[in-house]
Structure formats: C-alpha cells, structure tokens
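Take a look at the structure set out below.
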Amino acid sequence: MALAVISTTLFGCVGCQAGIEYLQTYVKNSLNLITFASFIFTAIYGLVFHSKFFTVPNRIPLRSYAKIVLIFFTVNMANNLALKFAIYFPLFIIFKSGTLLTNMTMGYFIRSYRYNLKQVMAVVVVTAGIVIFTLASYEPGADNMRSGIDSMSWSIPVPPFIVGVALLSFSLILSAYLGLYQETFYQKHGKHNEEMMFYVHFLSIPAFAFVGNEMMPAFHAANATPSFVVAGIDTIIPSAWVYIFGICLFQFGCTKGVYMLSAVTTSLNVTMVLTLRKFFSLLISFFVFENAFNMFHTLGAAFVFIGTFLFSVSFRRY
C-alpha cells in the first residue's frame, strides 16, 4: 500500500513540475492560467465527490476559511510572479527547501518551539545550500533574457533576479505562517482534509479576477497552439489545453498522494519522498530542459538534500 502511494506521489509531483516547465517554453507567461485551471479542476472534483453539489453539510464554517484562502492564493501568485523575474526552474525547485528555515524560525518565535542541535545544524546546511545555489544562478547578463518582464519598461534600479528572489522569500515566509496557522485551525475544527482541499480551492477562484488581464494573452496563445494529434488522428483540441489538463491531473495526484502518504506512513518518510521528488525534478530540469548548471549548483543541491535528510532523521521537537 505504502509503496503504491509513494509511487503515485512521486509520479504526480514530478510529472506536474515537468509539465509546467515544458508548457512555459510552449506558451509564455502561462503560470497563472495553469494555476487557475488546476484550481478549477480540484474544485470540480471536490464539488462532485466530496460536497456532492453542496448536499454534504460543512464540518467547518465557510468564514473560517477566509484567512487560509487569502494566504494560499497569495503564496501561489507570488511563486508564479517570481518566475517572471529571471528565476529559472532549478532555483525555484531548490528554494522551496527553505521552508525548513522559515518554519523553524517562526515556530521558535511564535510558538516557542524548541529544537535540538542536530536540527539547527541541518537547517544551517540546507540554508547554506540554498545560498550557494542562488548565487550560482545569478547571471547579471542573463537577467533580461530570462525575465518575463519587458526590459524596456523595467525602470526599478534593482535587477529582476533580486526581485524574483525577494518574491520567493516572501512566499516562503507566508507558507511557514500558513503552516502554523493551520495547526491552530486543526486543533479548533479538527482535520477535514477533503473538505478543506475543496473549499480552499473553490473559494479562491473569484480572486483570479485580479490577474484576469494577465491570463488572457496566455489563454489566447494556448488556443492558437496546433491541435493535438494522437495515433495520427487530429483531435481539433489545441495541444496546450491537453497539456494543461495533464498538468491538472498530475497536480491532483501529487496533492492527494501527499495526503494519503501522511495516513499510511511516518512524517520522516513523507519528507524523504518530497525530497526525492525535488531531486528527480532537478534532474529533469537540468538534463531534459537543458537548464545550465555547474559545480556550484551541484554543491548547493547536495547541501540541501543532505541537510533535509539530517533534519528528518533528527526530528524531535522539545
């Protein structure tokens, strides 16, 4: 059972990341459109199979979801926006490991959690790895080439790469706070994962109106892609929409897999699977999509993976 869930989780998470990276080369600035589609997909699934078209009573009052919805949506938008500021995918993948540092820091100051020396050292190793990887990724001359922002309209005296890193950092801090807030939320309302997954995505959908103007060019570009051909048969469906649907399936499998994994195995194994997912995603990003990497990228990634492993092995909070 656990092996099947682990395989499903890895397949879903790695496939989703690879699909997003591929579609970005196919339809420029499509991240918000992909996110919107995945939210719609998850909401429809929850509406049919969990809420049963709102006939199943809520365990949690809708107003209680407001804060989670706001933070969750903001985190997604910040991540998407960061990739328009000269941040390339390998750095985006590695940077997410910074949640260890932000979670520990917030846990210490907000909840007075205490951590042992091994955990602190492990987080130092992870942080050092992220710093090394980030510095290795900064190419001043490549800022305008990698940025999705029009260089002619860029008037802020800060390189786009720095803005991208700041957005990723902001997203990490918000994610860490969301994790702590959810702990309190679960204590008050109980764990109702299926309901939460449905309503958080469903209630977030209207917020996409704020990025509607940004999504429209990607929407039209997706419609303009060649039709998808399978076994020599022209389906008439624009190929980009087939890829987006595939990404939604992968994303849903990834999310469901993590929930299921938490139920059938230990938190250590969950962390290891998610770390392995980052490793496979990096390999695909480097070797399939041919993103540039050097010995410092390798060193930084090694620090991150080793530090994450050490943190998981020593997990015991005081």
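Every residue, even glycine, has its Cβ placed from backbone N, Cα and C.
All TrEMBL annotations are machine predictions without curation.
Look at TrEMBL and you will find 34-53 (among others) tagged as transmembrane segment. Sequence-distant contacts of the transmembrane segment (34-53), counting only residues of its own chain at least 6 positions beyond either end whose CB sits under 8 Å from a CB of the stretch, comprise 20, 23, 76-77, 80, 194-195, 197-199, 201-202, 204-205, 208, 215, 244-245, 247-249, 251-252, 255.
Remote same-chain residues near the transmembrane segment (88-108) are listed as 17, 21, 24, 79, 82, 114-115, 119-120, 122-123, 126-127, 129-130, 133-134, 137, 146, 165, 168-169, 172-173, 175-177, 179-180, 275, 278, 281-282, 285-286, 289, 291, 293, 297, 300-301, 304, 307-308, 311, 317 (criterion: CB distance under 8 Å, separation of at least six residues from the stretch ends). Marked as transmembrane segment by TrEMBL: 88-108 (among others).
Annotation comment: TrEMBL describes 120-138 (among others) as transmembrane segment.
Per TrEMBL, the feature transmembrane segment maps to 158-178 (among others).
Here the transmembrane segment (198-220) has Cβ contacts under 8 Å with residues 27-30, 32-33, 36, 39-40, 42-43, 45-47, 50-51, 58, 60, 62, 65-66, 68-69, 72-73, 77 of the same chain, all six or more residues outside its ends. For 198-220 (among others), the entry in TrEMBL reads transmembrane segment.
Among the features that TrEMBL reports, transmembrane segment is placed at 295-315 (among others).
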